[in-house]
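> Starting off with a structure, shown below.
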Amino acid sequence: MRRHRVEAETHLSLRRVVLVGSIWITSLTVMLAMALLMQDPVPWLSVRLNLVAAGVSFGAVLLGWRRHWRLASNVLVWGTWTAAVTVVAATGGVQSGSVLAFPALLVMCAWVLGVRTTLVMLVLSVLTMAGFWVAGREGVDWIGQRETSPVFSMLYFVGMLGLTGTVTLMARRSLIRRAQELQDTLGALEQHQDDLRKFYRAVEQNPESIVITDVHQNIVYVNEAFLQRTGFARNEVLGQPTHRYSTMGLDAPAWEEALHQLGRGALWRGQMTNRTRQGEDLPEAVLVAPIRASDGSIVNYVELKQDLSERMRAERQIHALAHFDALTGLPNRLSLTQRLRALAREFREGGKGGEPRHGLLLLDMDRFTAFNDVRGTVRGDALLGALALRLADALPDGVLLARMGADEFAVLLEKAGHEAAEVDQHMRALAQVLQDALERPLWLEETGEEVQASCSIGAASFAASRTDSGGHDVLRRAGVALHQAKQAGLGQVVIFQPDMAEAVGKRFRIEKDLRRGIPAGELQPYLQSQVDRMGRCVGAEVLVRWNHPRLGMVEPGDFIAVAEESDLIVQLGDWMLEQACRMLVRPEFVQHGWRLSVNVSWRQFRQPDVVNKLKRILATTGADPRRLTLEVTESVVMRDVDEARERMTELQLLGVEMGLDDFGTGYSSLAYLQRLPFRELKIDKSFVQDCHASPGNAAMVEAILLMARRLHLRVVAEGVETEEQAGTLRAWNQDVLFQGYHYGRPLPAAEWVDLQVGAAGV
């Protein structure tokens with residue numbers, strides 16, 4: 001663009017010089033002719049020559065007006081030069097004053113016709129003057145040679161001098177403008193070069209590969225990223241076809257399509273897997289764009305290439321995280337549900353004949369939560385990993401093993417038969433294989449120890465087309481069977497039966513009604529007496545019964561278990577604490593000093609605000625905390641002994657006492673009995689009821705009573721149903737307290753108070 005502007009400025013200067021020179025010469029020659037006409041006699045030859053020169057210059061003006069500037073320049077310069085030669089010849093040769101025309105014409109020629117023409121004119125002028133000089137030496141008598149008038153001479157001199165000066169000034173002015181233009185052009189060029197350097201650095205330092213080819217798809221440039229990514233050297237690829245080094249991932253049809261698209265001047269983009277110099281795969285996203293010249297023609301192509309290796313690696317990682325378990329490497333729940341959907345889809349698309357049935361087994365490790373709490377999550381994770389390996393080794397090929405979460409696994413047995421009974425038989429056999437595999441202890445590589453493990457298994461058969469799209473129905477049925485298996489004991493296998501669904505529905509309805517019934521006042525506190533060796537009542541354990549508005553009295557075993565499996569156990573526990581504290585402030589309790597024991601579940605005990613809740617209840621009711629015992633089971637304290645000690649200490653600071661419930665049924669660790677601030681120990685009824693008949697149980701109970709006496713712990717024997725049991729216990733420890741049907745069944749709180757007050761004779 002700047003070059004065009006300079007050329008336009010040059011043409012404008014040329015036109016100005018031609019126009020000014022033509023007008024100047026026309027005016028000058030006319031005035032000279034007029035001056036000659038004033039002489040006496042009139043030199044008609046000179047007049048005619050000046051008029052001819054005027055006509056020539058005027059003709060140049062007319063040619064310029066018709067925009068024939070190059071022709072006008074030649075007519076003006078050479079016509080005037082010819083006229084000047086004739087005038088000089090007619091007016092005395094080298095002695096003629098008209099020789100002043102030659103310098104002016106040379107200056108004008110140099111400006112409007114260029115150097116080469118000027119040199120020609122200079123040579124011709126010199127030769128002409130030399131000829132005039134030689135002719136003068138030979139005594140040639142010039143035609144019309146005579147003295148010119150002073151007016152003519154002055155006018156001619158001033159005119160030639162003015163023409164020379166004007167042309168020179170115009171030339172100087174034009175040169176100044178052109179010099180400025182050149183300086184601007186140089187500045188712009190430097191800026192362009194700086195921009196080009198920046199662009200080059202940007203391209204060269206770009207982290208993505210950039211390749212530039214010519215129109216024949218031969219490589220003319222590659223940046224550093226391309227060399228580092230591919231391992232090729234620059235001299236290996238320059239001048240080579242791009243499909244050999246840069247786009248070798250395109251097959252022949254795709255390459256032809258790309259060339260066709262590029263030939264139309266369009267962009268081409270796509271993905272391909274190229275190869276490095278070492279032969280490794282290099283997945284890339286490639287964009288090829290044409291580079292056009294100023295006239296719009298395509299001169300190069302640029303390939304912009306993005307390395308997809310990291311993205312594809314990340315996609316594989318994301319896929320693995322989404323579909324596989326990070327701990328065991330097994331497929332996860334999502335993978336299992338996707339496979340269940342695929343089974344239904346496969347049957348719809350290509351199933352012929354009777355639809356096969358499949359089997360789904362859910363496995364849950366027995367007592368894993370206790371192991372994890374006692375041994376820690378590191379050993380727990382190691383145990384899960386070892387279990388996954390053992391199960392995978394035991395399963396036949398083609399059977400999918402997935403980890404559902406925590407300590408639960410799933411086994412999908414595909415196309416196990418066409419009848420439910422047949423599939424149930426296969427599932428039971430497979431479950432036995434898994435149980436047999438777990439008879440050998442699991443080796444924990446991380447900790448170097450062996451652990452004996454067992455699993456409860458629930459199974460259900462299904463036809464893929466008859467279950468929901470995500471397999472949630474069969475998972476639910478297998479889960480119901482698993483729940484039944486865990487309730488039946490350790491290492492049990494249960495196959496789902498239709499009547500189990502009703503039991504699950506009943507549990508769901510119980511939870512729903514219980515959630516409504518607690519705030520509605522449908523629960524009632526019951527009390528079961530605790531007596532000393534003399535049979536005197538010293539307190540009671542607070543129990544709960546549910547008077548359902550439609551079902552009547554609901555057994556505790558039906559709703560307590562449901563509450564423990566949900567968050568309702570916390571709400572229920574808070575309710576029982578409040579009821580106990582309200583009873584403690586009744587006059588009968590205060591007068592007789594009766595104590596109350598309340599069982600606290602592990603969910604309630606681990607609530608962060610359990611201490612503050614009890615503090616508010618005590619403050620609201622005004623109950624004496626010293627007559628309140630909070631009972632926790634061994635499983636509660638074994639989850640985190642340090643946290644349990646801290647929580648129990650906070651509760652003890654409120655004034656309440658802590659009791660250990662069902663002692664002997666769990667780990668029964670003497671260490672935590674010493675570390676934790678217990679004041680009461682309750683012996684489980686399973687030991688109490690056989691203590692008089694079983695030597696083993698008798699020895700166990702006697703040891704517990706002796707230990708409790710040494711640790712200054714109050715002992716409550718639970719489940720005492722006969723005098724024989726009570727007598728045996730009394731013989732071992734006179735301070736033991738008794739609780740059981742032998743001393744009274746649980747009664748509504750009001751009835752219990754009336755009974756105890758009547759028995760006391762008050």
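Yeah, the Cβs are placed from backbone N, Cα and C, and that goes for glycine too.
Because TrEMBL annotations are produced automatically, they should be read as predictions rather than curated entries.
These came from TrEMBL, pasted as-is:
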DOMAIN    195-240  domain 'PAS'
DOMAIN    266-320  domain 'PAC'
DOMAIN    356-498  domain 'GGDEF'
DOMAIN    507-760  domain 'EAL'
TRANSMEM  12-38  transmembrane segment
TRANSMEM  44-64  transmembrane segment
TRANSMEM  71-90  transmembrane segment
TRANSMEM  119-136  transmembrane segment
TRANSMEM  151-171  transmembrane segment
> Per the definition of 3+ C-beta pairs under 8 A with sequence separation of 6 or more, do the transmembrane segment (12-38) and the transmembrane segment (71-90) touch?
yes
> Report the DSSP secondary-structure composition of the domain 'PAC' (266-320) as helix, strand and coil residue counts.
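Across the domain 'PAC' (266-320), DSSP assigns the residues as follows: 12 helix, 30 strand, 13 coil.
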> May I have the DSSP-based helix, strand and coil counts for the residues of the domain 'GGDEF' (356-498)?
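Summed over the domain 'GGDEF' (356-498), the classes give 65 helix, 42 strand, 36 coil.
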> Do we see three or more Cβ pairs under 8 Å linking the domain 'GGDEF' (356-498) and the domain 'EAL' (507-760), pairs being at least 6 apart in sequence?
yes
> When you scan the chain for residues with a C-beta under 8 Å from the transmembrane segment (71-90), skipping those not six or more beyond its ends, what do you find?
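Residues packing against the transmembrane segment (71-90) from afar: 14, 18, 21-22, 25, 29, 45-46, 49-50, 52-53, 56-57, 59-61, 63-64, 96, 98-99, 101-102, 105, 108-109, 112-113, 117, 121, 124-125, 128, 132, 142-145.
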> Quick test of the contact rule: Cβ under 8 Å, at least six residues beyond the ends. What residues does that give for the transmembrane segment (119-136)?
77-78, 81, 85, 88-89, 93-95, 99, 102, 105-106, 109
> May I have the DSSP-based helix, strand and coil counts for the residues of the domain 'PAS' (195-240)?
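With helix first, then strand, then coil, the domain 'PAS' (195-240) has 21 helix, 11 strand, 14 coil.
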> What is the pLDDT of the domain 'PAS' (195-240) when averaged and given as a whole number?
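PLDDT averaged over the stretch: 87.
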